[in-house]
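As given in Swiss-Prot:
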type: SIGNAL; residues: 1-19; note: signal peptide
type: DOMAIN; residues: 22-121; note: domain 'UPAR/Ly6'
type: DISULFID; residues: Cys24-Cys48; note: disulfide bond
type: DISULFID; residues: Cys27-Cys35; note: disulfide bond
type: DISULFID; residues: Cys42-Cys76; note: disulfide bond
type: CARBOHYD; residues: Thr68; note: O-linked glycosylation site
type: DISULFID; residues: Cys82-Cys101; note: disulfide bond
type: DISULFID; residues: Cys102-Cys107; note: disulfide bond
type: LIPID; residues: Asn108; note: GPI-anchor amidated asparagine
Amino acid sequence: MNSQLIGILFSALLGAALGQRMRCYDCGGGPSNSCKQTVITCGEGERCGFLDRKPQPSSEQAKQPSATLSHHYPACVATHHCNQVAIESVGDVTFTTQKNCCFGDLCNGAVASSSTPLCILAAVTTLAWLLSGQ
């Protein structure tokens, strides 16, 4: 096989591997104590991560004790929001939400997957086989 064909084949396999969307744990925005983690496929431009939502102290929160709970849960996070802090208001309560991202499929759960995606494994194996045949 000529080197141009090898390059095209390798590029196609690598493109397929990189085009895969991440699989992440998600709680559907629910608090961590009621989370039934499900595995979802994140959208284009999203990564696995965690959301940490904490209320900011105020006099209104003293009247609403349930609003003083902090929440930590896994979710898909837009890549451009990774490692950012946002201030959000819900009714009379103001929350600080920190969005942290991690790398790899299912990296935001208690049991993370360390298996190599099949497309990458196939690309490396094919390239090694093609190069050894020359």
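Glycine too: its Cβ is placed from the backbone N, Cα and C atoms.
Annotated features, which come from Swiss-Prot, shown on the structure.
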residue : record         : Cβ contacts under 8 Å, 6 or more apart
Cys24   : disulfide bond : Val39, Ile40, Thr41, Cys42, Arg47, Cys48, Gly49, Pro74, Ala75, Cys76, Asp105, Leu106, Cys107, Asn108, Gly109
Cys82   : disulfide bond : Arg47, Gly49, Lys99, Asn100, Cys101
Cys102  : disulfide bond : Arg47, Cys48, Gly49, Phe50, Asn108
_Over the span of the domain 'UPAR/Ly6' (22-121), how high is the average pLDDT in this prediction?_
79
_Suppose we draw a 10 Å sphere around the Cβ of Cys42 (disulfide bond). How many other Cβ atoms does it contain, all chains included?_
20
*asked:* Among Cys76, Cys107, the disulfide-bonded residues in question, whose Cβ has the most other Cβ atoms within 10 Å in this structure?
replied: Cys76
*Which one of these disulfide-bonded residues has the most other Cβ atoms within 10 Å of its own Cβ: Cys27, Cys48, Cys101?*
Cys48
*In DSSP terms, helix, strand or coil for Cys101 (disulfide bond)?*
strand
